[in-house]
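Marked as Zn(2+) binding site by TrEMBL: C128, C130, C138. Residues annotated as active site, schiff-base intermediate with substrate in TrEMBL: K207, K271. The 5-aminolevulinate 1 binding site annotation in TrEMBL covers R217, R240. The Mg(2+) binding site feature in TrEMBL is assigned to E256. The 5-aminolevulinate 2 binding site annotation in TrEMBL covers S297, Y336.
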Amino acid sequence: MIQDKTVALTHRPRRLRATPALRELVAETHLRPQDFVAPYFVVSGTNITEPIGSLPGVSRLSPDLLLRDLERGLKLGVRAAMLFGVVPNETKDPSGKRASDPHGPVPQALRAARRAFGNDLVLMTDVCLCGYTDHGHCGLLRSTPRGVIIDNDPSLAALGEMAVMHAEAGADLVSPSDMMDGRVGYLRGALDHSGFQDTGILAYTVKYASAFYGPFRDAAGSVPKGGAVADSAARPPSDRKTYQMDFRNPREARLEIALDAAEGADLLMVKPALAYLDILYQMRQLSSLPLVAYHVSGEYAALKAAAAAGALGEAAATHESLTAIKRAGADLIISYYALEAAEKGWLD
């Protein structure tokens, strides 16, 4: 005689996992192409493609070739782009003057993209000095009795000039990534004073001093290199820990969120994303502003390397990783996977 082994259970959560259609019906989080911002590294010139070895599938592009990728993204539904300028080392100086050059790679790309796509594309720009200074730091240097420091307040003026120049060239959103104190309020004032009240600010609100930025710094030529200050033989810090946040401090994120919101940020960002999902979730509870998470170069490169080694399936791992970021509270995700994931059907 066969014994009945059925257990009287009131709740059986597996009922809603039984088929793909049922799982899709009750899924709580979905990834769509419009959830993504595609990042680009832009160089001056024409017909230039420079593959980046540490970022498989990513290249530095001249503005004319950038337009092809932007059009590809639009056709896939990726309607936002973040532009990072890359300039030759020989043009860099201690003050990062090329950051506010109206003929630099970012303003060239902005004008070209605005002419080509009008308002169909949301154009964002990174506002930081690190890619333009010969020392690779995100602000200006000053010698003090305690050593060479990144000088907060004078750096704000240079960042404000850069942001206004981007607005003049057609940026919808400027994104200060420098982590100087007070930069959101300063940029808001500079933009308003220059007649760009409608240009928004996407603040790198919670940006940690992370080991996951390595490939980006290679791509943008922004590795902190040291270098003497004009009036001193002393060297600046070899890292960015005096201004980027300490990854051991979750409560500090609350202060940065409150400050950026009070200073007029339109969107808030956490960077990196995957190692800081707890911070992203916390931000979602604290703020009603749109939240952006940056799936950074090291996180992208790690997935690429693991997939190339056969350690995991790239499509499934990418989908899971990006879903986790959105599930934690992100409204938008900046990712080097944006176009590839949309094109290959790795999203929902």
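Numbers run from 1 along the shown chain.
Note: Cβ is positioned from N, Cα and C throughout, glycine not excepted.
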Taking the centroid of the Cβ atoms of C128, C130, C138 (Zn(2+) site), which other same-chain residues have Cβ within 8 Å of it? L129, G131, T133, H137, G139, S177, D178, S222
Listed binding-site residues C128, R217, R240; those within 10 A of S297 (5-aminolevulinate 2 binding site), CA to CA, turn out to be R217
Consider the recorded positions C128, C130, K207, K271 and say which one has the Cα lying nearest the Cα of R217 (5-aminolevulinate 1 binding site). C130
Taking just the CA atoms, what is the gap between R240 (5-aminolevulinate 1 binding site) and C138 (Zn(2+) binding site) in Å? 8
Out of C128, C130, C138, E256, Y336, the binding-site residues in the record, which is closest to K207 (active site, schiff-base intermediate with substrate) when you go by Cα distance? E256
Hey, does DSSP put K271 (active site, schiff-base intermediate with substrate) in a helix, a strand, or just coil? strand
Chain-internal residues near the residue listed as 'Mg(2+) binding site', provided their CB is under 8 angstroms and they sit 6+ positions away: T205, V206, M245
Given C128 (Zn(2+) binding site) and K271 (active site, schiff-base intermediate with substrate), what distance in Å do their CA atoms have, once rounded to a whole number? 15
List nothing but the one residue from K207, R217, R240, K271 whose Cβ has the fewest other Cβ atoms within 10 Å; the candidates are the recorded positions. R217
Return the residues near Y336 (5-aminolevulinate 2 binding site) by Cβ distance under 8 Å, restricted to its own chain and a separation of at least 6 in sequence. A38, P39, L55, G57, V58, H295, S297, Y300
Where among the binding-site residues C128, C130, C138 do you find the Cβ with the fewest other Cβ atoms within 10 Å? C130
Inter-residue Cα distance where the pair is K271 (active site, schiff-base intermediate with substrate) and C130 (Zn(2+) binding site), in Å: 16
Any idea what the Cα distance is from K271 (active site, schiff-base intermediate with substrate) over to C138 (Zn(2+) binding site), rounded to a whole Å? 16
